[in-house]
Amino acid sequence: MHIGTTLSQFIIEETRLYPGASGDFAGLLNDLTTSCKFIGAQVYRGALVGALGSAGTDNVQGEVQKKLDIISNEAILKSMDWTGHLAGMASEEMDDPYPIPRNIPRGKYLLLFDPLDGSSNTDVGISVGTIFSILKAPVAGRDAELADFLQPGVEQVCAGYALYGSSNMLVYSTGYGVNGFTLDPSIGEYILTHNQMRIPEDTSEYAINMSNHRHWQKPVQRYIDELNQGTDGPRQRDFNMRWVGSMVADVHRILCRGGIFLYPFDQRDPKKPGKLRLLYEANPMSYLVEQAGGAASTGTTRILDIVPQGLHQRIPVILGAKNEVERVVAYHQGSFVIP
């Protein structure tokens with residue numbers, strides 16, 4: 001499809017790729033994007049309506065919730081629970097799955113989401129976003145159970161995010177590549193602006209929080225040290241570091257112009273070997289990156305192959321340019337020898 005196509009038209013055209021499609025999924029995606037428009041508007045108006053700052057509560061992760069975390073979470077729940085497309089929902093901000101109201105028919109999909117990734121940055125105007133993952137319910141027409149959500153990332157039927165920054169963008173994939181849409185506020189519609197986004201196999205940019213260097217395992221320390229040595233080191237070229245501190249913003253940059261993102265294994269707390277949540281962040285972003293020609297790994301395991309052990313499981317994440325990710329994996333395996 002061509003640049004300038006509306007999201008509504010794009011969804012209809014894409015639905016035709018699936019013989020026998022009922023239209024349920026198209027309806028689900030349209031309803032979800034409506035909630036993303038609402039959240040984007042709240043983010044942009046945050047300081048004007050007193051929506052910035054802490055809500056005075058913690059989420060299941062033990063993290064301080066921002067007011068916009070709660071607003072965004074409620075926006076998605078209330079936009080989606082009445083539609084009849086879903087059997088259940090799970091949110092990073094909630095301990096347990098969210099049940100569909102009793103008077104609403106149960107659908108055949110499950111929605112998992114991080115309502116406002118990077119919300120700690122809202123007070124300083126840095127890009128944030130909503131990340132989502134859609135799975136098929138193992139049994140359609142009944143209430144979703146906890147085990148239904150614990151599917152490996154390869155089972156996702158759709159993944160994406162909405163980015164709230166200099167513009168409101170929606171980026172998603174249903175397994176036919178990655179496409180990006182920009183919200184035209186004059187008509188209230190997302191318009192195709194980034195067709196078939198691709199990640200180059202090689203890169204000279206990396207994203208990592210260098211302040212944690214001493215806590216990483218040796219393979220990651222080796223990899224980053226070599227990048228920092230630039231032309232004087234074994235890579236024999238210079239690399240640039242970019243770090244926003246908002247995963248959705250860092251991954252968006254990689255989808256637009258390439259790079260590698262690392263939030264590696266951290267040895268400070270054995271109970272939290274990684275910071276990022278498998279179901280709400282790692283799986284959907286890994287799906288997008290692979291669809292764009294990149295790779296995603298924990299350092300030892302392909303992320304999309306991991307069978308979740310719980311709703312809020314955390315893992316290390318290394319994703320982006322295929323050749324760079326494979327190099328980091330090889331360092332973990334001890335199989336990469338400098339020529």
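Going from the start of the chain as shown, residues are counted 1 onward.
Just so you know, glycine gets a Cβ as well, placed from its N, Cα and C.
Taken from Swiss-Prot, the feature Mg(2+) 1 binding site covers GLU92, ASP114, LEU116, and the record attributes it to sequence analysis. When secondary structure is read from DSSP and collapsed to three states, GLU92 (Mg(2+) 1 binding site) falls in the coil class.
Counted within 10 Å of its Cβ, the other Cβ atoms near GLU281 (Mg(2+) 2 binding site) come to 25, all protein chains included. Classification of GLU281 (Mg(2+) 2 binding site) by DSSP places it within a helix. According to Swiss-Prot, the Mg(2+) 2 binding site annotation covers ASP114, ASP117, GLU281, on the basis of sequence analysis.
Here Swiss-Prot flags ASP117, GLY118, SER119, SER120, ASN209, LYS275 as substrate binding site. Around ASN209 (substrate binding site), a 10 Å sphere centred on its CB holds 15 further CB atoms from the protein chains shown.
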I need the neighbours of the Mg(2+) 1 site defined by GLU92, ASP114, LEU116. Which other residues of that chain put their C-beta within 8 angstroms of the C-beta centroid, in sequence order? ASP69, SER72, ASN73, SER91, GLU93, PHE113, PRO115, ASP117, SER119, THR130, ILE131, TYR280, GLU281
How would DSSP class LYS275 (substrate binding site) in three states? coil
Determine, to the nearest whole angstrom, how far the Cα atom of GLU281 (Mg(2+) 2 binding site) is from the Cα atom of GLU92 (Mg(2+) 1 binding site). 9
Using the centroid of the Cβ atoms of ASP114, ASP117, GLU281 as reference, list every other same-chain residue with Cβ within 8 Å of it (recorded Mg(2+) 2 site), in sequence order. GLU92, PHE113, GLY118, GLY129, THR130, ILE131, TYR161, MET247, VAL248, LEU276, ARG277, TYR280, PRO284
Within 10 Å of GLU92 (Mg(2+) 1 binding site) by C-alpha distance: pick out those among the binding-site residues GLY118, SER119, ASN209, LYS275, and say none if nothing qualifies. none
Lowest local Cβ density among ASP114, ASP117, LYS275, which the record lists as binding-site residues, within 10 Å: LYS275
Pairwise CA distance, ASP114 (Mg(2+) 1 binding site) versus SER120 (substrate binding site), rounded so that it is a whole Å: 13
